[in-house]
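Novice: Copying in the features that TrEMBL gives for the protein in this structure:
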| type | residues | note |
| --- | --- | --- |
| ACT_SITE | D412 | active site, proton donor |
| BINDING | H328, H332, E408 | Zn(2+) binding site |
| DOMAIN | 42-226 | domain 'CAAX prenyl protease 1 N-terminal' |
| DOMAIN | 229-464 | domain 'Peptidase M48' |
| TRANSMEM | 20-38 | transmembrane segment |
| TRANSMEM | 78-101 | transmembrane segment |
| TRANSMEM | 121-145 | transmembrane segment |
| TRANSMEM | 172-190 | transmembrane segment |
| TRANSMEM | 196-217 | transmembrane segment |
| TRANSMEM | 350-372 | transmembrane segment |
| TRANSMEM | 378-403 | transmembrane segment |
Amino acid sequence: SGAMVLPGEVWAELPAEKRIFCSVLLFSWAVYLWEAFLAHRQRRVYRTTTCVPQELGQIMDPETFEKSRLYQLDKSTFSFWSGLYSEVEGTMILLCGGIPFLWNLSGQVSGHAGFGPEYEIVQSLVFLLLATLFSAVTGLPWSLYNTFVIEEKHGFNQQTLGFFFKDALKKFVVTQCILLPVTALLLYIIKIGGDYFFIYAWLFTLIVSLVLVTIYADYIAPLFDKFIPLPEGELKQQIEMMAKGIDFPLTKVYVVEGSKRSSHSNAYFYGFFKNKRIVLFDTLLEDYSALNKELAEGEDGENEDTKSKTKNKKQGCKNEEVLAVLGHELGHWKLGHTIKNIIISQMNSFLCFFLFAVLIGRKELFAAFGFYDTQPTLIGLMIIFQFIFSPYNEVLSFCLTVLSRRFEFQADAFAKELGKAQDLYSALIKLNKDNLGFPVSDWIFSMWHYSHPPLLERLQALKDAKQE
């Protein structure tokens, strides 16, 4: 009989593992298409907003506005192609059974080294090494293009090719030195943990993340960039006074030579309990920015015309503005945002391990991805955390983005209470200019993606305060 078969019936006939596999693939493409739709809307904004909108007249000159428009347009086009590539690559890996293939290959490699199939952890580490190597190699052309074509064209890139490759190699080695031992221990804990292994696994990852945060800035970051203590002087005294004023347990202030890498600017703080350090990018500071040093050296005996040009180029913030930016950062600490974020991420991590414990016994999850005879723990972690949880992860990350924007407004308000509204106002404008941020955005795009509120909204909130 030529009766029509309804898609629903076909779906119901499918074995569980096929349904799981198709769902994962469909969801991945649904997310991809949603993101592509949003990016398309945002690109339309970049293409069509060619004149400075009226409310931005005071804030951005037409030249900077045009520069940032072209920069963001290039970045958006690049992320369209790189996003399409990774979606297709991920799909091909799933459809062609790339994961079981790599697992068997890892088994052969560790077998040659004298470790039989009973050494599952060894095989897992080989698998991890090969997988990260694969993604590093396939990601390299994209990263090269981004650095040496896009960032270069818009005047941000400060790296040479040699520096870039040395950096990439260093990054890879350092990552492996952390990833492999941590994974080995985690797998071992899951193996011997008994019924409550998920509690031990969660505690272990909690400890690891705390240790990493503690050692990152002292031992890991300096492998890549030079950190120098902020020299004695007015700025340092003002920072120390401000920290004291809000009981921030400051132990050191560093300047990091970010300018070797890129002329983007930033500031952050780190450290636990009574041992906090503040890190300022040299590109944030008017007096330390390498760009300004070059300008200063070339400033003798010029005519007025070139002088005004260099003035435009001047990068970084004045001391008062730097303090305002720090006031904002310290606001995150004082208002407990840092602690709240840690608590949220740990609760989430615990939940995920708990659900992992519930699901790890399900043979059909493994079968869905081509593992019919073995159920390796690492593969289980990968399948459950990466594929099965992906709808949950999307929802969670959206909620965290919304929360982050709230935190940013609160930190701005905190800086305002310290009497830094005016300086923060001008600092935000400068940083937006230095980093070529484009101040016009599509509302859905910004709602979904922006962890910081759009510039105009932040300025408006500060302005209300200035008038009060």
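Note that Cβ sites are derived from N, Cα and C of the backbone, with glycine treated the same way.
What TrEMBL says about a protein is an automatic prediction, not a curated fact.
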Novice: For the transmembrane segment (196-217), find every same-chain residue at least 6 residues outside the stretch whose CB is under 8 Å from a CB in it, and list them.
Specialist: 178, 182, 185-186, 189-190, 227, 270-272, 277, 279, 346, 349-350, 353-354, 356-357
Novice: What is the set of residues, excluding H328, H332, E408, whose C-beta falls within 8 angstroms of the centroid of the C-beta atoms at the Zn(2+) site?
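Specialist: Near the Zn(2+) site, beyond H328, H332, E408, sit E329, G331, H337, F407, Q410, A411, D412, F414, A415.
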Novice: Here are some binding-site residues: H328, H332. Which one has the most Cβ atoms within 10 Å of its Cβ?
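Specialist: It comes out as H328.
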Novice: Looking only at the recorded stretches 20-38, 78-101, 172-190, 350-372, 378-403, which one has the largest tally of CB-CB distances under 8 Å to the transmembrane segment (121-145)?
Specialist: 172-190
Novice: Taking the Cβ of E408 (Zn(2+) binding site) as the centre, count every other Cβ atom within 10 Å, in any protein chain shown.
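Specialist: E408 (Zn(2+) binding site) is surrounded by 21 other Cβ atoms within 10 Å.
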Novice: Just counting, how many other CB atoms are there within 10 A of the CB of the residue listed as 'active site, proton donor'?
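Specialist: The Cβ of the residue listed as 'active site, proton donor' has 26 Cβ neighbours within 10 Å.
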Novice: List the Cα distance (Å, whole number) between H332 (Zn(2+) binding site) and D412 (active site, proton donor).
Specialist: 9
Novice: By Cβ distance under 8 Å, which residues at least 6 away from the ends of the transmembrane segment (78-101) in the same chain are close to it?
Specialist: 21, 24-25, 28-29, 32, 35-36, 39, 43, 138, 142, 145-146, 150, 369-371, 379, 382
Novice: Sorry to bug you, but what's the C-alpha spacing from H328 (Zn(2+) binding site) to D412 (active site, proton donor), rounded to the closest Å?
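Specialist: That separation, Cα to Cα, works out to 5 Å.
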